Amino acid sequence: MQIFVKTLTGKTITLEVEPSDTIENVKAKIQDKEGIPPDQQRLIFAGKQLEDGRTLSDYNIQKESTLHLVLRLRGGAKKRKKKSYTTPKKNKHKRKKVKLAVLKYYKVDENGKIHRLRRECPADECGAGVFMASHFDRHYCGKCCLTYCFNKPEDK
């Protein structure tokens with residue numbers, strides 16, 4: 001019977017084979033026609049790679065079937081060494097969770113009146129509820145970097 005073998009270049013070659021022929025025999029016939037060594041050949045039929053020890057009838061290859069020939073690639077990517085670091089990995093900063101933190105920002109006097117202890121940032125991008133840090137000489141917003149400095153009275 002006659003089968004077709006399509007190579008990578010798109011060229012189709014015809015082979016005269018028997019259903020009892022092994023895949024090794026087919027590869028040897030391809031070597032005679034194309035000069036490609038059998039150990040570099042991979043034959044594909046119906047999406048499956050054909051194994052050397054089996055016959056054409058095992059794969060249900062009939063007359064005028066087309067096999068696809070691809071070349072076997074040896075090896076793979078170069079192995080890379082695992083990096084070893086001399087210094088330990090730096091820990092990511094974790095914010096401290098303070099329970100009832102809002103109590104730091106307000107104070108209730110004996111009359112029940114609420115006073116703000118910290119200044120709220122007036123910038124539009126910060127919005128309500130963003131307080132400025134109180135330093136000895138300034139108020140500073142950590143979100144928008146707005147700073148208000150205090151005037152120091154000059155000593156004479």
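Just so you know, glycine gets a Cβ as well, placed from its N, Cα and C.
As annotated by Swiss-Prot, domain 'Ubiquitin-like' applies to 1-76, with the evidence given as sequence analysis.
Over all protein chains present, the Cβ of K6 (ubiquitin cross-link) has 15 other Cβ atoms lying within 10 Å. If you look up Swiss-Prot, you'll see K6 (among others) marked as ubiquitin cross-link, on the strength of similarity to another entry.
K11 (ubiquitin cross-link) falls within neither a helix nor a strand when secondary structure is assigned with DSSP, and so counts as coil. Counting every protein chain shown, 10 other Cβ atoms lie within 10 Å of the Cβ of K11 (ubiquitin cross-link). Annotated ubiquitin cross-link per Swiss-Prot: K11 (among others), in sequence order, evidence recorded as similarity to another entry.
Under the three-state DSSP scheme, K27 (ubiquitin cross-link) falls in the helix class. Remark: K27 (ubiquitin cross-link) has P38, Q41, L43, D52 as non-local neighbours, by Cβ distance under 8 Å and separation of at least 6 in sequence. Per Swiss-Prot, ubiquitin cross-link is recorded for K27 (among others), and the stated evidence type is similarity to another entry.
Non-local contacts of K29 (ubiquitin cross-link) by the CB criterion (under 8 A, 6+ apart in sequence, same chain) comprise L15, V17. According to Swiss-Prot, the ubiquitin cross-link annotation covers K29 (among others).
In the three-state DSSP reading, K33 (ubiquitin cross-link) counts as helix. Residues annotated as ubiquitin cross-link in Swiss-Prot, with similarity to another entry given as evidence: K33 (among others).
Summarising the annotation, Swiss-Prot assigns ubiquitin cross-link to K48 (among others). Proximity of K48 (ubiquitin cross-link) to non-local residues of its own chain (separation of 6 or more, Cβ distance below 8 Å) is seen for Y59, given in sequence order.
Look at Swiss-Prot and you will find R54 (among others) tagged as site 'Interacts with activating enzyme'. Reduced to three states, the DSSP call for R54 (site 'Interacts with activating enzyme') is coil. Take the CB of R54 (site 'Interacts with activating enzyme') and look out to 10 A: across all protein chains shown you find 12 other CB atoms.
What Swiss-Prot records for K63 (among others) is ubiquitin cross-link, and it gives similarity to another entry as the kind of evidence. Non-local contacts of K63 (ubiquitin cross-link) by the CB criterion (under 8 A, 6+ apart in sequence, same chain) comprise M1, Q2, I3.
Taking a C-beta cut-off of under 8 Å and a sequence gap of six or more, H68 (site 'Essential for function') has these contacts in its own chain: V5, K6, L43, I44, F45. Positions annotated as site 'Essential for function' by Swiss-Prot: H68.
Sequence-distant neighbours of R72 (site 'Interacts with activating enzyme') (same chain, six or more apart, CB under 8 Å from its CB) are D39, Q40, Q41, R42, listed in sequence order. The site 'Interacts with activating enzyme' feature in Swiss-Prot is assigned to R72 (among others).
Per Swiss-Prot, region 'Disordered' is recorded for 75-95. Residues of the same chain that sit 6 or more residues outside the region 'Disordered' (75-95) yet have a Cβ under 8 Å from a Cβ within it are not found.
Here Swiss-Prot flags 121-144 as zinc finger. Within its own chain, the zinc finger (121-144) has Cβ neighbours under 8 Å at 105, 150, 152, counting only residues six or more beyond its boundaries.
Counting only residues at least six positions away in the same chain, the Cβ atoms of I13, L15 sit under 8 Å from the Cβ of K33 (ubiquitin cross-link).
If you average pLDDT over the domain 'Ubiquitin-like' (1-76) in this model, you get 83.
Secondary structure of the zinc finger (121-144) per DSSP, as helix, strand and coil residue counts: 0 helix, 6 strand, 18 coil. For the pair K11 (ubiquitin cross-link) and R54 (site 'Interacts with activating enzyme'), the C-alpha distance works out to 25 angstrom. In the three-state DSSP classification, K63 (ubiquitin cross-link) falls within coil.
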